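One structure is given here, and the rest of the page talks about it.
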Amino acid sequence: MEDFMIEFLSKLQIFISKNITIKRLGIENIKNLCGVDIAYKGNIGYAVSVMFDGKDYFHKYVKGKVDFPYIPGYLFMREAPLMIKAVESFQCDLILVDGHGMAHPRKSGIASVIGVILDKPTIGVAKSKLYGDIVEEGSTNFIVVNGDKVGVKVGKYYYSIGNKVDIDDVVELSRNGYPKVLALADKLSKELKKKE
């Protein structure tokens, strides 16, 4: 990847980070909870979104060719277009994204990018650490970036603010274990990949 392209993408992420809204959503107010994940077979991506309306689970999927290479910190270029296509037609009160939100070098991981583009509340849920310090306060392990609490580490998962939520929302969501909508999106995306 050319240096000028990386520089441009970094500027784009900084612009997105300046447009993130941090405000209390209230997990208890969510009626439609969505999760989105993606699996790959070669350069074909299989993005699956799952919505839970409090009673039933619904899902949609999109597949497409992905040409952008995997570059840590720039995952959004590879995954966001298909993820957005998979989730945008659901009426989501909160979208959980497999990936980071503000726990990112430019406070603009894929969950934040998707949240700002769709103008929706998002939380990133990742299986590995990308960026930030883990600071223990009582029984809570906060993820801190540039002095700001942007997420929490619970077990092996990293939850972080994407858009239109605050740290209390992230803490509250993280107490309920790994979200079923994400587990289902992960499972279905892998099943789709195997069928092809």
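Even glycines carry a Cβ here, placed using N, Cα and C.
Residues or ranges marked as Mg(2+) binding site in Swiss-Prot (evidence: sequence analysis): Asp37, Asp98. Under the heading site 'Interaction with target DNA', Swiss-Prot lists Tyr70, citing sequence analysis as support.
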Between Asp98 (Mg(2+) binding site) and Tyr70 (site 'Interaction with target DNA'): CA-CA distance (Å): 15
Tertiary neighbours of Asp37 (Mg(2+) binding site) (same chain, Cβ under 8 Å, six or more apart): Ala47, Val48, Met83, Asp98, Leu182, Ala185, Asp186, Ser189
Coarse DSSP state, helix versus strand versus coil, of Tyr70 (site 'Interaction with target DNA'): coil
Cβ neighbours of Tyr70 (site 'Interaction with target DNA') where a neighbour is any other Cβ within 10 Å: 11
